[in-house]
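**Student:** What Swiss-Prot records for this protein is below:
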BINDING   D60, G61, N134, E135, R145, K162, D164, T175, A176, Y177, S178, F179, S180, Q234  NAD(+) binding site
ACT_SITE  D60  active site, proton acceptor
Amino acid sequence: MKNIGIAINPSKDYKNTILNMVKEKIENICNVTDIEVYNSFDIKNLNLSSLDLLIVLGGDGTLLGVARELEDDFKAPILGINIGNLGVLSSIEISDLELALKKLMTKDCKVHKRMMLNCEVDINESIKNIKALNEVAVARGTLSRMVKFKIFVDEKLYAIFKGDGLIVSTPTGSTAYSFSAGGPFICPDLEVISIVPICDHTKSMHPIVLKGDSTIKIIAENGGDQIYLTIDGQRAIEMKDNSVITVKKNPKSLKLLLFNDYDYFKVIRNKVLNNSKECDGEEI
């Protein structure tokens with residue numbers, strides 16, 4: 001790999017410490033000297049077509065933001081290096097950087113495609129299309145009443161229920177908000193979409209996993225109270241009553257570079273379920 005870029009969150013205080021260490025190790029191990037550093041907030045406005053690899057330095061939030069802002073024709077894989085708190089989406093921890101770069105040079109790694117969502121919504125009488133890597137959530141405001149939801153799958157009515165909200169999730173996002181609301185873990189290499197209710201008061205809506213090419217239409221009614229559309233837990237948009245939100249698979253996937261010893265179930269145990277100690281030493 002000749003051209004490697006690094007995306008950083010400019011609001012984090014590591015620009016002169018961890019960043020310099022990462023650049024030095026890349027230069028020494030990968031024999032790459034011209035390393036571009038990018039502001040993760042400006043990714044959408046940059047020409048990254050020459051990159052062979054984009055390293056995202058930060059936590060899950062930084063990687064989610066970069067994934068949404070990348071243009072659909074971006075072809076290079078992403079290597080997430082976790083220096084945040086959780087790092088479920090990251091390929092490696094910062095402490096494993098040197099070993100990871102050596103594996104990169106010996107091609108002991110593989111590109112995994114992660115499905116993304118496209119959310120179409122009417123904002124101020126203008127149709128907007130927004131990408132999501134984890135999930136699209138529609139929920140009531142802080143002091144609002146319950147929301148009445150109508151959910152259609154491929155133009156067929158699936159459910160009508162009243163509750164606090166609902167989550168439409170990718171397999172990658174199944175370990176995030178969807179999991180907190182009672183949704184299942186879904187292996188991230190699959191291409192399916194899950195719908196999970198949030199505090200379903202009527203108990204008439206059950207979580208469902210749909211095929212990846214399904215089109216989901218959501219109508220949210222709240223009698224004039226606040227309704228919010230939230231993308232990956234980072235972008236919030238206040239919706240009008242009776243808003244229609246359409247969610248489907250994005251045509252382009254995110255390419256994540258993972259090493260061959262990557263263990264999805266270990267990530268779940270250690271970073272989501274926090275029961276790594278109970279599983280230590282257990283073998284088949």
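The count begins at 1 with the first shown residue.
Cβ coordinates come from backbone N, Cα and C, glycine included.
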**Student:** Look up D60 (NAD(+) binding site) in the DSSP assignment and reduce it to helix, strand or coil.
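**Tutor:** D60 (NAD(+) binding site) sits in a helix per DSSP.
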**Student:** Are there any residues in the same chain, six or more apart in sequence, whose C-beta is under 8 angstroms from the C-beta of D60 (NAD(+) binding site), and if so which?
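**Tutor:** Long-range Cβ contacts: N82, G84, L86, G87, V88, L89, S90.
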**Student:** Please list, in sequence order, the residues in the chain of N134 (NAD(+) binding site) that are at least six apart in sequence and whose C-beta is under 8 Å away from its C-beta.
**Tutor:** L64, S169, T170, T172, G173, A176, Y177, D232, G233
**Student:** When you tally the Cβ atoms that lie within 10 Å of each candidate's Cβ, which of the binding-site residues (R145, S178, S180) has the highest tally?
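**Tutor:** Checking each of R145, S178, S180, the winner is S178.
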